[in-house]
Amino acid sequence: MSDDTEGKPQSGTAEVEAQVDHAYDLDEKARAADYKADAVQAENAEHNMTVLEAVRAYPMATFWAFVMSCTIIMESYDVFLIGSFVALPEFINEYGVYDAAKDIMVLEPKWQSALQVSGQLGALIGVFLAGPLTSWIGYRWATILALMLLNVFIFAFYYASSMPVIFVAQLLEGLPWGIFIANAPAYCSEIVPIQLRAPATQMLQMFWAIGSIIVGAVTYAYSGYNSPIAYRIPIALQWMFPTPLAILMFIAPESPWWLVRKGRLEEAARSVERLGRRSKLNSSETVAMMRRVVELERSEKEPNLVELFKGTDLYRTLIVCGVYAAQNLTGNLIANQAVYFFEQAGMDVHTAFALGLITSALQMIFVMLSWILTTYLGRRTIYLWGSFFNVVLLVALGIAGSVGQSTSASLAMASLGLIISVLFTLGPAPASWVIIGETSSIRLRPLTTGIGRASYYIVEIPCIFLGSYMLNPTGANLGGRCGYVWGGTGLFCWIVAYFWLREMKNRSYREIDILFKRKVPAREWTKTVINVEDDE
């Protein structure tokens, strides 16, 4: 009797617990359904926005993307500065050697190449640091740390008195560059809605052009000085960037996608509210959309480099690496060494610097035109057509360099060099930044953009040596005939892009994830419809 009495409460307790568990499961399913409904609502809202509506809804997102893009000025400034120094008479007189055959001072090819590769070596290390560092402390603090380090490393460059010291100083400056260049496209693509991803990430190319404009103006103004001021002042002007940008980044919102990945949903909602107008969006729905994508990519492990080379993430990594590497094989090096190229094409020093400045100004204008083209025509279309015309122009440059020495040939080479440098910033270059920002998965984005930029430097470093050797009078002295070489590599890149490159225009990150997981062929992406309810 006592056993029965004891058994009844136990049975009743078990029944109550089962009912509680069942009610909890129903509640969990209800919450999941609500969270997915909010996610669908937010994604539909982004899809239905026009570009102008997106700007009105997210005015501060545009501003903070602008601020982050400014960090690219510093790498651009220094890359073009070194490219200008190899053509600057006072710098050559200070650090060059006497060429008895031509009765002039010249930089030795080994140092000319070493100077241009030193910053890239540092940046190569920096991009490998950027991924783990950003995954750990976020985009804001990683960028602030890099800006403060850059302030210190500029001292080494300014007070350097020999080529080896300049080489080391440039290598150290490259470390923060690597963090900037890895983080900027990822941050810009994460803080804006679908319709603004293209212009927000293409701003990076515009600021690359702005860096070259500042360098062009400064070196043009000081190129006539017969003292170390001609190159010391341009070096010192680097200090005008890091501190103001660090202050702005301190008050900038963190990427809400990064906060959602870390499970900090309330902070993510506040970040969304800081990026947009509350009257134009629902922050809880936007965070729900982010949660949906993060859940789609969920893994128990912390993001690591090994994952970049597994499954569909391998394919995504290869696309990012390929687009980055191709920048060095389709005319970018001619753009980066424009002043030196113009000199080798027969222009005098003053005219070469003036043409370099004009080239940089035109590049900035053409980048702004690319915002319209890429937003409305798509990334793949602009990239492929831009790359194709670049190949044609590079071959034409080679032909102009093959017809012999004449004023007409020199003018043709200088004109084609300018056109190649400018059109590169209308098609392949700005479209590349959009593709890089969109292709990687949200979870692995800091690592993917880092490893992608590493591939850029791995290809660029030998290409710099090759490019310097091809142009240098004491090297191959090819002049415009280098167009044949870059035309050949550009054609190879175009063929690979035709078969591999996806069109991600108007695709949410959820849709991009699903299309990659379904292994939809590149040319079928525009025809494939993804239901808004699909999660796989």
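Quick reminder: no glycine exception, Cβ is built from N, Cα and C everywhere.
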Where TrEMBL places transmembrane segment among the ranges 96-116, 117-137, 327-347: 117-137
The transmembrane segment (409-433) in contact with the transmembrane segment (382-403), cutoff 8 A, at least 3 CB pairs, sep 6+: yes
Winner by Cβ pairs under 8 Å against the transmembrane segment (206-223), considering only 63-88, 117-137, 144-169: 63-88
Listed stretch, out of 63-88, 117-137, 144-169, 382-403, 454-471, that has the most CB pairs under 8 angstroms to the transmembrane segment (483-501): 382-403
